[in-house]
Amino acid sequence: MKIATWNVNSIKARKPRILDWFDDAKPDVCVLQEIKCVDDAFPAGDFEERGYNVFVHGQKTYNGVALLSKHPVEDVIRGVPGFEDEQSRYIQGTVFPEDQEPIRVGGLYMPNGNPAPGPKWEYKLAFMEALTRHMEESLEDEDAFLVAGDYNIIPTAEGVYDPIGWKDDALFRPEAREALRRMLNLGLTSAVPTLLHEPYYTFWDYQGGAWKKNNGLCIDHILMSPEAADRLEEAGVDADARDPEVGNGDTKPSDHVPVWATFE
DNA sequence: ATGGTCGTTACACGA
């Protein structure tokens, strides 16, 4: 079973590229971030005709997340439990494959947090704390659980092309890296680094020719509970999706690329 | 040397 995450930066602007990727990558489950539309504006039909059940936690202009699954989904949650939030940044559901054990899948769009310090940074700190608490509570159930998405956190210096230049950025500040380590210390494991033993990026800014210079960041992650990690088979990053020369030339790429993992 | 991001929205903001 293949589970993917992708910050698409507008479902409307990106639709042809997204559908091409779905037809090629064929994820069983995919969480999308920054869909930038309300629930009713999400093009559910395009995914339903490909066999997906569609769950949306939308928001106009900013944010918005979705959960797509070829398998039945139950217990859908919108928003981080216990965290009052006007912004649509989290969706979760329990996926029931026909011939495998179920797995709870969370789709995350963490606040960016810039500029730091300031109210946006404070919001990010509060969100990270609430998400950590939700992860901790979820782990008590001791079943397969993962949170995939745009964490907006660079884990280590290997995850940024210019660590010194980014040291005060909300994506790389010590408090953000600490928050991610706190999640890992709960017992969660990051899927891609477990199997890919080299640095990698998942985001390249639109500005400054970042893609051509490979000025990337590693900010999209899949964190797995021990029970999910035990079932991990493969994991990867579809970096080609960032290349304007590859794929649908009429549609510009997202600044993020899909990150995925497969489970037995 | 020149211009040098994108998406949504509306003439600015967030990333």
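Numbers run from 1 along the shown chain.
Here the Cβ of each residue, glycine as well, is placed from N, Cα and C on the backbone.
Nobody curates TrEMBL annotations by hand; they come from automatic prediction.
Annotation source TrEMBL lists domain 'Endonuclease/exonuclease/phosphatase' at A:4-256.
Of all the Cβ atoms in the protein chains shown, 24 others lie within 10 Å of the Cβ of A:His256 (Mg(2+) binding site). Here TrEMBL flags A:Asn7, A:Glu34, A:Asp150, A:Asn152, A:Asp255, A:His256 as Mg(2+) binding site.
A simple way to gauge crowding: the CB of A:Asp150 (Mg(2+) binding site) has 28 other CB atoms within 10 angstroms, across all the protein chains here. Marked as active site, proton donor/acceptor by TrEMBL: A:Asp150.
The Cβ neighbour count for A:Asn152 (Mg(2+) binding site), using a 10 Å radius over every protein chain in view, is 24. Per TrEMBL, the feature site 'Transition state stabilizer' maps to A:Asn152.
Long-range contacts of the region 'Disordered' (A:240-264) within the same chain: residues 1-9, 13-17, 20-21, 25, 27, 30, 33, 100, 103, 144, 146, 148, 150, 191-192, 202-206, 211, 219-222, 224, 228, 231-234, each at least 6 residues beyond the stretch ends and with a Cβ under 8 Å from a Cβ of the stretch. Per TrEMBL, region 'Disordered' is recorded for A:240-264.
Look at TrEMBL and you will find A:His256 tagged as active site, proton acceptor.
According to TrEMBL, the feature site 'Interaction with DNA substrate' maps to A:His256. Following the DSSP three-state reduction, the secondary structure of A:His256 (Mg(2+) binding site) is strand.
In three-state terms derived from DSSP, A:Glu34 (Mg(2+) binding site) belongs to neither a helical nor a strand segment and is classed as coil. Least crowded of the binding-site residues (A:Glu34, A:Asp255), judged by neighbouring Cβ atoms within 10 Å of its own Cβ: A:Asp255. Excluding A:Asn7, A:Glu34, A:Asp150, A:Asn152, A:Asp255, A:His256 themselves, the residues of that chain whose CB lies within 8 A of the CB mean position for the Mg(2+) site are, in sequence, A:Asn9, A:Gln33, A:Tyr109, A:Phe203, A:Ile219, A:Asp220, A:Ser254. Every protein chain shown contributes to the tally, and the Cβ of A:Asn7 (Mg(2+) binding site) ends up with 25 other Cβ atoms within 10 Å.
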